[in-house]
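Enquirer: Have a look at this one.
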Amino acid sequence: MPAKLSVNLNAIAMLRNRRDLPWPSVTGLGRTALQAGASGLTVHPRPDQRHIRFSDLQPIRDLIDDEFPAAEFNMEGFPNEAFLELVERHEPEQVTLVPDDPAQATSDHGWDFRKSHNLLGNVVGRLKKRGFRVSLFADGIPDPEALKLAKETGADRIELYTGPYGGCYDDPEKAERIAIELGRTAEIAIGLGLAVNAGHDLTVANLPLLVEHIPELAEVSIGHGLTADALEYGMAETVRRFRRACGETA
């Protein structure tokens with residue numbers, strides 16, 4: 001089964017926030033993405049609300065509930081109390097926990113599962129009691145012991161950080177080496193009973209190789225590259241192009 005595509009709305013929100021105006025519309029373009037066959041919408045609401053605002057969350061939840069009940073809402077963030085309260089209020093289908101400092105421009109590394117094992121175990125337990133699927137942001141390094149610790153937290157999935165892979169857009173040999181490593185990491189995780197998502201700097205050009213090395217990839221979450229393409233091709237056609245890159249017929 002092809003990997004599902006979740007469209008990250010943060011870049012759209014960041015463009016909107018350049019002016020005190022309601023456009024481009026986060027929910028409007030989210031609707032277009034879902035109409036074009038995206039499987040879900042992703043947001044990462046940071047404490048300073050520099051892109052997604054807390055006030056965006058309920059309209060996105062309502063859009064999915066009212067118009068696209070088969071789609072999923074994925075909320076990403078560092079698991080402090082403020083983020084967890086947002087999650088519990090807006091009830092996404094999936095919660096992706098990332099080890100971000102609030103000042104970071106973007107997510108750029110996975111969890112240290114040895115150092116953060118107790119924190120993650122407590123947070124995952126809290127979220128699982130509420131019925132959320134939980135994914136943990138993970139580096140693409142085939143470390144069986146670390147992935148075993150991730151599994152022990154009770155998480156359902158990992159999301160492989162693909163930034164280094166995406167950064168090899170002009171070095172195909174290095175991209176191949178990293179894709180092999182990501183594939184090995186995914187294989188270990190799947191063997192432990194974790195499903196595997198992926199995200200960061202994924203494009204129409206580099207998705208096919210990633211999917212080749214991770215044939216059981218469950219989901220990709222894509223924002224920057226997809227939004228950049230949408231400026232050229234339009235949101236609907238861009239979503240279809242990314243779906244085809246994931247192996248779907250679109």
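Here the Cβ of each residue, glycine as well, is placed from N, Cα and C on the backbone.
In case it's useful when we look at the structure, here is the feature table from Swiss-Prot:
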{"type": "BINDING", "residues": "N8, R19, D201, G223, H224", "note": "3-amino-2-oxopropyl phosphate binding site"}
{"type": "ACT_SITE", "residues": "H44", "note": "active site, proton acceptor"}
{"type": "BINDING", "residues": "R46, H51, T106", "note": "1-deoxy-D-xylulose 5-phosphate binding site"}
{"type": "ACT_SITE", "residues": "E76", "note": "active site, proton acceptor"}
{"type": "SITE", "residues": "E159", "note": "site 'Transition state stabilizer'"}
{"type": "ACT_SITE", "residues": "H200", "note": "active site, proton donor"}
Enquirer: What span in Å does the 3-amino-2-oxopropyl phosphate site cover, taken as the longest CA to CA distance among N8, R19, D201, G223, H224?
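Expert: Roughly 26 Å, rounded to the nearest whole number.
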Enquirer: Quick one: which of these recorded positions, H44, R46, H51, E159, have their CA within 10 A of N8 (3-amino-2-oxopropyl phosphate binding site)?
Expert: H44
Enquirer: Anything within 10 Å of H51 (1-deoxy-D-xylulose 5-phosphate binding site)? Look among the recorded positions H44, E76, E159, D201, G223, H224, comparing CA atoms, and list what you find.
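Expert: For H51 (1-deoxy-D-xylulose 5-phosphate binding site), the recorded positions whose Cα atoms are within 10 Å come to H44.
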Enquirer: What recorded positions in the list H44, R46, E76, E159, H200 lie within 10 angstroms of H224 (3-amino-2-oxopropyl phosphate binding site), counting C-alpha atoms?
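Expert: The recorded positions close to H224 (3-amino-2-oxopropyl phosphate binding site) (Cα within 10 Å), listed in sequence order, are H200.
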Enquirer: Restricting to the recorded positions E76, E159, H200, G223, which ones have a CA within 10 Å of the CA of R46 (1-deoxy-D-xylulose 5-phosphate binding site)?
Expert: E76
Enquirer: So of E76, E159, D201, which of the recorded positions has the fewest other Cβ atoms within 10 Å around its own Cβ?
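Expert: Comparing Cβ neighbours within 10 Å for the recorded positions E76, E159, D201, D201 has the fewest.
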Enquirer: Count the Cβ atoms, other than its own, that fall within 10 Å of the Cβ of N8 (3-amino-2-oxopropyl phosphate binding site), considering every protein chain shown.
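Expert: So the Cβ neighbour count for N8 (3-amino-2-oxopropyl phosphate binding site) comes to 27.
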Enquirer: If you draw a 10 Å sphere around the Cβ of G223 (3-amino-2-oxopropyl phosphate binding site), how many other Cβ atoms fall inside it, taking every protein chain shown into account?
Expert: 25
Enquirer: Using other CB atoms within 10 angstroms as the count, which residue among the recorded positions H200, H224 scores least?
Expert: H224
Enquirer: Would you count the other C-beta atoms found within 10 angstroms of the C-beta of R19 (3-amino-2-oxopropyl phosphate binding site) for me?
Expert: 8
Enquirer: Going by C-alpha positions, which of the recorded positions (R19, E76, H200) is nearest H44 (active site, proton acceptor)?
Expert: E76
Enquirer: Report, in whole Å, the straight Cα-to-Cα distance of E159 (site 'Transition state stabilizer') from D201 (3-amino-2-oxopropyl phosphate binding site).
Expert: 13
